[in-house]
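All remarks here apply to the structure that follows.
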Amino acid sequence: MSKVAIIGAGPCGLSILRAFEHLEKKGEKIPEIVCFEKQESWGGLWNYNWRTGSDQYGDPVPNSMYRYLWSNGPKECLEFADYSFDQHFGKSIPSFPPREVLQDYILGRVSKGNIKNKIKFNTRVINTVYRNDKFEINYQDKVNDKTLSDTFDYLVVSTGHFSVPFIPEYEGMSSFPGRIMHSHDFRDAEEFRGKNVIVLGSSYSAEDVALQCNKYGAKSVTIGYRHNPMGFKWPKGMKEVHYLDKLDGKKAIFKDGTEQDADVVILCTGYLHHFPFLDESLKLKTHNRLYPPKLYKGVVWQDNHKLLYLGMQDQFHTFNMFDCQAWFARDVIMDKIKMPSDDEIDKDINKWVSMEEKLENPDQMIDFQTEYTKELHNISDYPKIDFELIRKHFKEWEHHKVEDILTYRNKSFSSPVTGSVAPVHHTPWEKAMDDSMKTFLNKR
């Protein structure tokens with residue numbers, strides 16, 4: 001019987017554990033599986049941790065979640081095909097839930113089986129090499145400070161790529177008298193009440209961190225973009241300007257000549273694909289893009305078909321795309337899907353990369369990733385889900401944000417699994433200061 005190592009028990013790792021569980025429940029024999037998770041619990045990025053910097057064992061804290069974080073996309077677009085929100089909560093819930101609600105949903109799907117028994121918690125993978133047709137993995141039991149090793153036939157890397165921040169350098173940083181932090185360490189917008197906040201970036205983190213700071217009472221929020229502005233109709237107290245030139249004392253000076261008082265600078269400058277636990281020959285090297293190179297179907301490592309990566313793309317689709325990738329990866333491991341020739345693999349990768357390079361706007365990007373996810377869905381037995389409806393929802397969501405960036409979370413969408421329409425939340429997002437699950441689910 002073959003052995004499979006999975007690194008990471010966040011959403012991607014849980015997806016492939018779930019995929020194997022589906023086969024096992026149908027009476028099929030599955031490989032021996034060991035999942036290594038360096039945190040003390042499962043859920044990955046969705047675990048909130050007050051810590052920043054290092055954990056109690058000296059490892060970097062992987063968590064980037066913060067208080068008052070609400071989903072910035074419709075929950076219907078990430079719904080699991082085999083476990084609906086209606087099933088989990090026993091009723092329809094609003095389309096934009098806070099973090100705790102989504103975490104409860106993610107873990108609810110995997111808590112009922114024996115998936116947890118396959119996970120080694122508080123376990124850090126130190127290094128991995130491929131030798132004699134096996135993956136040799138050295139790992140540390142962090143609680144008992146023991147180093148152990150094991151060998152595996154297949155390796156699935158499901159660590160995500162939103163835990164190692166990219167931190168650029170700007171003139172004047174070393175002498176800036178205020179605070180400089182990456183969004184990875186952002187934990188509570190209340191901390192910046194009455195402050196002049198500079199947010200550097202132009203993607204989802206910058207958008208949400210800036211809105212959070214405004215919502216919870218920042219004196220001003222100035223967003224500095226590098227290439228293209230987000231271009232939303234920002235509420236009072238917020239503005240978007242072109243690219244930070246330098247910090248001069250407590251002033252931020254931008255390329256367009258704007259000068260702004262600054263108490264804190266928050267770097268929403270993205271993350272690195274970082275795999276220090278892999279031998280150099282096994283590492284995926286890419287920036288954040290919709291179709292990383294050298295991955296067949298976005299999953300199988302071109303140079304070694306026993307190495308599989310999950311969730312390494314820039315993302316519109318998330319949980320159900322991870323599931324489609326996981327079902328595909330499972331079937332490759334189980335030899336239910338035969339790998340084509342090297343030439344065919346190369347041709348397929350180049351086709352997707354070439355299409356990605358021609359994308360010009362969010363609608364095209366949504367179409368691209370929807371078609372990619374549908375292709376994976378069609379070649380596995382992942383349960384039925386309406387990806388055309390999800391495509392439509394994503395485009396409506398983008399339109400709602402353009403209409404009003406402050407109120408788009410107050411909209412409702414229909415489930416691609418059950419068809420039920422989400423109710424309107426009892427409190428508009430811009431006025432909802434309590435993000436607890438209890439308050440969200442129960443009308444006051």
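If you go along the chain as it appears here, the first residue is 1 and each next one adds 1.
Using N, Cα and C of the backbone, Cβ positions are placed for all residues, glycine too.
The shown structure was predicted, so the numbers you read here are calculated from the model rather than taken from an experiment.
The annotation FAD binding site is assigned in Swiss-Prot to C12, E37, Q39, L45, W46, N72, V125, Q315, T318. Here Swiss-Prot flags W70, N72, Y170, S202, S203, S205, R226, H227, N288, R409 as NADP(+) binding site.
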Length of the line joining the Cα atoms of V125 (FAD binding site) and W70 (NADP(+) binding site), in Å: 31
Among C12, E37, Q39, L45, W46, N72, V125, Q315, T318, the record's FAD binders - longest CA distance, Å: 32
In sequence order, the binding-site residues (C12, Q39, T318) whose C-alpha falls within 10 A of Y170 (NADP(+) binding site): none
Distance, S203 (NADP(+) binding site) to W46 (FAD binding site) (CA atoms, angstrom): 19
By Cα-Cα distance, the member of binding-site residues W70, S203, R226, N288 nearest C12 (FAD binding site): N288
Binding-site residues: S203, N288 - member with fewest neighbouring CB atoms within 10 Å: S203
Alpha-carbon spacing, R226 (NADP(+) binding site) to T318 (FAD binding site), which is rounded to whole Å: 26
Rounded Cα-Cα span from N288 (NADP(+) binding site) to Q39 (FAD binding site), Å: 24
Largest CA-to-CA spread of NADP(+) binders W70, N72, Y170, S202, S203, S205, R226, H227, N288, R409, angstrom: 34
For V125 (FAD binding site), the number of other Cβ atoms found within 10 Å of its own Cβ: 23
Nonlocal residues around W70 (NADP(+) binding site), in sequence order (Cβ under 8 Å, 6 or more apart): F96, P97, P98, R99, R409, W429, A432, D435
